[in-house]
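Read through the structure below, which is laid out as structure tokens, and then see the notes.
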Amino acid sequence: MHIFLYGPSGSGKSTLGSLLAQDLEMPFLDLDANIEAHVGMPISSIMRARGEETFRDLESLALKDSVNQPVQVIALGGGALLRAENRALAEAHGQVIFLETDPAVLIERLKQDKNQRPLLAGELESSLRSLLREREDHYGSFPLRVNTGMEPGRILPNIRTLLGRHRLRAMGAPYDVVVHEGGLDDIGNLLTSRGCGGTALLVSDEHVAPLYADCVLASLQKAGFSVELTVIPSGEDHKTVDTVAALWRAALAAGLDRKSTMLALGGGVVSDLTGFAAATFMRGCNWAVLPTTLLSMVDASIGGKTGFDLPEGKNLAGAFYPPRLVLADPQVLSTLPRRELRGGLAEVLKHGVIADPVLFDLCAQGEAAVMQALSQVVKRAVAVKVQVIEQDPYEHGIRAALNFGHTVGHAVELISAYSLQHGEAVAIGMAAETKLAEKLGIAQIGLARQITDALAGVGLPVAIPSGFAPEELVNAMRVDKKKADGVVRFALPVKIGEVKPGVAIDDLMLALEE
Ligand code: NAD
Ligand code: MG
């Protein structure tokens with residue numbers, strides 16, 4: 001899919017487009033500049049000499065030509081999508097981001113080079129305002145919109161969030177994290193365009209394979225891969241070294257070597273195991289993740305942590321090993337059991353609390369609203385995790401913010417003997433830890449209520465079940481592996497959008513009392 005930047009003259013399409021292209025490591029095309037180079041004169045001259053219709057014809061031709069080139073970022077002219085056929089073409093071949101800019105700012109920018117803007121000749125301010133009025137409905141009709149009234153450094157992450165496209169550079173070889181409806185059908189091409197090819201092993205579990213493996217296999221075969229499917233039993237009980245060994249052997253049997261690719265199609269159990277198997281098979285081969293649970297889309301698949309459980313505890317052995325691609329296709333969430341979906345929503349809400357008030361507000365509207373906007377919810381939650389990983393890939397500082405809700409949460413999960421699902425336990429943990437933050441004066445009074453209401457609104461539990469002995473919970477918190485030097489540290493919310501990591505607490509009972 002191409003990325004088109006659109007908006008009136010002066011909204012920054014060329015500047016932002018070239019920055020975005022650099023950021024995503026994609027080619028950049030400025031459609032107007034391209035036409036000028038082709039015709040050999042400035043657009044203002046083309047318009048004057050041959051009229052607007054002729055220019056629009058040239059523009060349509062240039063657009064048609066551009067969509068047939070390899071995927072790129074394309075800065076469009078300010079009226080390039082006025083023709084219905086142009087708009088249909090752009091929307092069929094890519095995503096259109098509309099750049100919203102205050103007219104006063106546009107005027108300031110355009111004053112600098114008004115000779116270049118033929119349709120705005122004459123009294124700049126009045127002609128711009130009448131042009132904007134004329135195109136108001138048109139410009140208003142593009143759903144993906146970004147406000148450009150800030151530094152480019154702050155606009156770019158917002159564009160990446162809307163697109164659901166990120167290039168993660170913080171952990172060795174850069175790789176793309178992409179959220180794309182229907183993207184599974186295209187996985188073969190997405191991998192070959194990233195230099196993967198040859199032999200592949202598709203790993204999935206017994207629930208997911210019957211639903212989605214065929215479509216992934218077909219796409220890989222179409223792109224020229226020789227691929228075998230391995231299906232593992234589902235569930236945390238199988239996140240063991242035995243399953244890892246089974247994957248190594250399946251890889252050998254399928255003829256994989258160090259240049260081959262393993263693909264994880266499933267939830268966090270499948271991706272943790274496949275990632276670890278890939279990290280260690282012949283000392284490391286390529287791997288890619290196709291997360292199929294909400295939790296794995298917004299959490300487990302991003303950040304390069306892989307591993308498995310030991311009888312002594314969860315995730316006790318593993319490696320940081322970044323994949324070549326993460327592709328989340330929100331369409332697959334339609335078959336995810338409701339309880340699993342809600343569990344994922346706990347982590348989504350956590351991401352909202354950590355860094356995205358818009359995401360939090362969306363979730364606070366309740367489960368029905370979230371289901372309506374699931375793709376957007378996934379994109380925003382993915383963006384938060386990517387942003388945290390970029391700042392702190394190996395968990396030395398701010399990445400600890402992701403532990404919000406998890407100190408009490410892990411203890412509750414353990415004492416429930418895993419009858420509470422991880423997300424349910426984290427929801428209970430977030431409610432308890434926000435109350436703690438209020439007691440300590442870290443959070444404003446009222447935050448606990450706000451977070452608790454939002455969690456309950458998407459169907460998550462918020463109270464520690466009666467019958468859980470506080471002493472046992474305290475002990476469980478003390479053995480949590482995330483404690484350092486014997487001190488239990490919490491990541492506590494300050495307000496929606498900000499969490500303070502590393503808060504040491506001696507009296508753990510404080511986290512459990514109402
Ligand atoms: P999971 O992989 O066990 O999947 C949950 C269940 O949903 C399974 O039964 C699975 O078969 C089924 N399922 C998955 N996708 C489906 C779909 N689209 N339709 C129907 N059924 C589907 O669990 P999870 O919640 O995705 O992941 C939990 C694991 O992730 C834990 O082992 C945890 O330790 C790990 N994790 C890892 C990281 C990390 O950074 N690596 C972060 C968080 C969690
Ligand atoms: Mg978690």
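For all residues, glycine too, the Cβ spot is worked out from N, Cα and C.
According to TrEMBL, the protein has these features:
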type    : residues                                         : note
BINDING : Gly10, Ser11, Gly12, Lys13, Ser14, Thr15, Arg117 : ATP binding site
BINDING : Ser14                                            : Mg(2+) binding site
BINDING : Asp32, Arg56, Gly78, Arg135                      : substrate binding site
DOMAIN  : 231-342                                          : domain '3-dehydroquinate synthase N-terminal'
BINDING : 234-239, 268-272, 292-293, Lys305, Lys314        : NAD(+) binding site
DOMAIN  : 344-483                                          : domain '3-dehydroquinate synthase C-terminal'
BINDING : Glu347, His406, His422                           : Zn(2+) binding site
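Projection of TrEMBL feature records onto the structure.
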| residue | record | DSSP (3 states) |
| --- | --- | --- |
| Gly10 | ATP binding site | coil |
| Thr15 | ATP binding site | helix |
| Gly78 | substrate binding site | coil |
| His238 | NAD(+) binding site | helix |
| Val270 | NAD(+) binding site | helix |
| Thr293 | NAD(+) binding site | coil |
| Glu347 | Zn(2+) binding site | helix |
Tell me, how many other CB atoms lie within 10 A of the CB of Gly12 (ATP binding site), whichever protein chain they belong to?
20
Listed binding-site residues adjacent to ligand 1, that is, members of Gly12, Asp272, Thr293 whose C-beta is under 6 A away:
Asp272, Thr293
Kindly report the helix/strand/coil residue split of the domain '3-dehydroquinate synthase N-terminal' (231-342) according to DSSP, in that order.
50 helix, 32 strand, 30 coil
Out of Arg56, His422, which of the binding-site residues is least crowded by other Cβ atoms within 10 Å?
Arg56
Tell me which residues of the chain lie with their Cβ under 8 angstroms from that of Asp272 (NAD(+) binding site), as long as they are six or more apart in sequence?
Lys239, Ala300, Lys305, Thr306, Gly307, Phe308, Asn315, Gly318
Within a 10 Å radius around the Cβ, which one of these binding-site residues has the most neighbouring Cβ atoms: Thr15, Thr293?
Thr293
If I take the alpha carbons of Gly268 (NAD(+) binding site) and Gly10 (ATP binding site), what is the distance between them in whole Å?
45
Nearest by Cα to Ser11 (ATP binding site), of the binding-site residues Gly78, Arg135, Glu236, His238, Glu347, is Gly78
Round to the nearest Å and give the CA-to-CA distance linking Glu347 (Zn(2+) binding site) with Gly78 (substrate binding site).
40
Below 8 Å Cβ to Cβ and six or more residues apart, same chain only. Which residues does that give for Val270 (NAD(+) binding site)?
Val203, Ser204, Asp205, Val208, Ile232, Ala264, Ser296
